[in-house]
Amino acid sequence: MINHHRMPAADDHLSFREKMRASLRLFPVIGLILFVLGSIYGGLATATEAAVFGVFGALVLSLLTGTLNRKTFMASLMGATRTSCMIAFILAGAAFLTIAMGFTGIPRALAEGIATMGLSPLGLIVMLTLFFVVLGCFLDGISVVVLTTSVVLPMVQQAGIDLLWFGIYLVLVVEMSQITPPVGFNLFVLQGLTGKNILKIAVYSLPFFLLLLLAVVLVTAFPEIATWLPSQMTRG
């Protein structure tokens, strides 16, 4: 619906048998995804350590399909190195800005200002959404949480808001803040990968921002969306 002129031309009509045959190529990729997730849920690795399983699985698949050679292996290493260095510089800049914001006390002062408003639970959620999105324009997600949790958490507990629900809500609003200019972390990553202007990338990311906002509205209106599955896992 958006930028539909950029969509590739439709492929020629394929028979059902041809579609099934083409779909078989997806099974190795699906197997790799299950392998990584299985290492996490099976207790073999943390979410970060599971990346090693993913790399190992990808190398095995490349070897089995005959696409792994010295040239492709070196190209993959160089691409991963460039991307890692780019992200490292972004994180260094974000850390510097986080330290500066911590010294000035701006995030804490804003959170304390919201606490003094005496808002209803719904009003508090609306204000916190605006607060986290604006703060995320200048800080990375982890820094936003670390700098404000000590003030926001007692406020949320006093309002009688379920902390499990609030944790899921917090993940959503922090992710919203990662695609908002001028310091949206994900925007910088996409800029480095595509070479596009950051403002253009921000415009293209607007539909995803609206989808995340819709998700926040839905979990606020229907808290069971966020709490049903965890409550089933802890039952009994």
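Glycine is no exception: its Cβ is also placed from the backbone N, Cα and C atoms.
Taken from TrEMBL, the feature domain 'TRAP C4-dicarboxylate transport system permease DctM subunit' covers 17-225. Annotated transmembrane segment per TrEMBL: 26-44, 50-68, 80-103, 123-156, 163-181, 201-222, in sequence order.
Between the transmembrane segment (163-181) and the stretches 26-44, 50-68, 123-156, 201-222, it is 123-156 that has the most C-beta pairs under 8 angstroms. Nonlocal intrachain contacts for the transmembrane segment (80-103), taken as residues 6+ away from its ends with a CB within less than 8 angstroms of a stretch CB, comprise 138-140, 143, 147, 183, 185, 188-189, 192-193.
For the domain 'TRAP C4-dicarboxylate transport system permease DctM subunit' (17-225), the predicted model reports an average pLDDT of 83.
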